């Protein structure tokens, strides 16, 4: 892609998200979300592959549906209350419609069906943008309006997302689909605590972005898109393969890795709110997700690809890919747990 066009599209992505962050008016927030959608669409279709075009079309249709719902809900709310402000949602019909639309935007269950299919059709870097950056604007709006939404609705969305994210990834062989279900499960963790402690939602989002970025950049470095090709990673780069296995365990939420921190804090908060049953379901759903992360670890670190050559290749071409970002994200995805008190102090 032309670097000028790429710069314009990435700037528009940044502009759309910033506009939604800064807005207290539904029309401006909607405009930011639309700029975001229109900016990522050419990035998704840039390879002109039939699968990429199909994924782009699916993504555009679902995002357009969600945008239309937001516009309809904001008009309904303005008609009933006389105001367009995000915080003033006195109508339960409008707030439910907003929640459904933003759940569709961000890929929360049961509005998640587009997410694995779309991510499967994209290349890894565009998939990384869709899994991380595209979550920011809808989640910011959910945080702003969380206090006016029915708690049962948000709890249902959170529990369903963690369960669907765990169950959906169990039988997958495609890495991008596994990461899509991982994204759905993590979004469930963010939404479940959003009414009680929004700062924990922000913390969970931050750690999710770091871990997912490390995972996508590792897969790009290994040129792997299927579980079966992960086995070749060990012979290519043992250090990268072992670090990637730890990143997967961090995504699963195992101590003493970074991914344990938000899960620990969220379960603690649910306990404080006198919701032990919800906390137990969330912990058990995390175990289901952990199973498919362990599958990836097994494929990456404990299996060696079948090799027909009698001797190992004495040379290997050096990669031209930059690895600085990967190194930064991997280190933070593995070692932030000791910094928990400091991070909590900064976020609260």
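A Cβ is built for glycine as well, from the same backbone N, Cα and C atoms used for every other residue.
Unlike curated entries, TrEMBL annotations are predicted automatically.
For 23-288, the entry in TrEMBL reads domain 'NADH:quinone oxidoreductase/Mrp antiporter transmembrane'.
Under the heading domain 'NADH dehydrogenase subunit 2 C-terminal', TrEMBL lists 290-344.
Look at TrEMBL and you will find 57-80 (among others) tagged as transmembrane segment.
Annotated transmembrane segment per TrEMBL: 86-104 (among others), in sequence order.
The transmembrane segment feature in TrEMBL is assigned to 152-171 (among others). Away from its own ends, the transmembrane segment (152-171) comes close to residues 96, 99, 103, 108-110, 112, 116, 146, 177-178, 181-195, 278, 281-282, 285-289, 291-292 of its chain (Cβ-Cβ under 8 Å, at least six residues beyond either end).
The transmembrane segment annotation in TrEMBL covers 178-197 (among others). If one looks beyond the transmembrane segment (178-197) by at least 6 residues along the same chain, the residues whose Cβ comes under 8 Å of a Cβ in the stretch are 106-109, 112, 115-116, 118-120, 127, 131, 135, 139, 142-143, 146-147, 149, 151, 154-155, 157-166, 168-169, 172, 204-205, 208, 212, 215-216, 227, 251, 262-263, 265-266, 269-270, 272-273, 278, 282, 285-286, 289, 292-293, 296.
Taken from TrEMBL, the feature transmembrane segment covers 203-225 (among others). Residues 124-125, 127-128, 131-132, 135-136, 139, 174-176, 179, 182-183, 186, 189-190, 193, 232-233, 236-237, 240-241, 243-244, 247-248, 250-251, 258-259, 261-262, 265-266, 319, 321, 323, 325-326, 329-330, 332-333, 336, 343-344, 347 of the same chain lie 6+ residues outside the transmembrane segment (203-225) yet bring a C-beta within less than 8 angstroms of a C-beta in it.
Among the features that TrEMBL reports, transmembrane segment is placed at 237-255 (among others).
Feature annotation from TrEMBL assigns transmembrane segment to 275-294 (among others). Long-range contacts of the transmembrane segment (275-294) within its own chain (CB-CB distance under 8 A, at least 6 residues past either end) are made by residues 155, 158-159, 162-163, 165-167, 169-170, 172, 178, 181-182, 185, 188-189, 192, 248-249, 251-254, 263, 266-267.
Residues or ranges marked as transmembrane segment in TrEMBL: 324-346 (among others). Only residues 6 or more beyond the boundaries of the transmembrane segment (324-346), in the same chain, are considered here, and those with a CB under 8 A from a CB of the stretch are 203, 207, 210-211, 213-214, 217-218, 221, 243-244, 246-247, 250, 255-261, 265.
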| query | Do any residues of this chain, six or more beyond the ends of the transmembrane segment (57-80), have a C-beta under 8 angstroms from a C-beta of it, and if so which? | reply | 26-27, 29-30, 33-34, 37, 40-41, 44, 88-91, 93-94, 97-98, 100-102, 104-105, 114, 117-118, 121, 130
| request: Six or more residues out from either end of the transmembrane segment (86-104), which same-chain residues have a Cβ under 8 Å from its Cβ atoms? | output: 23-26, 29, 62, 65-67, 69-70, 72-74, 76-77, 80, 111, 138, 141-142, 144-145, 148-150, 153-154, 157
| message | Quick test of the contact rule: Cβ under 8 Å, at least six residues beyond the ends. What residues does that give for the transmembrane segment (237-255)? | response | 182, 211-212, 214-215, 218-219, 221-222, 262-264, 286, 289-290, 293-294, 296-297, 300-301, 330, 333-334, 337
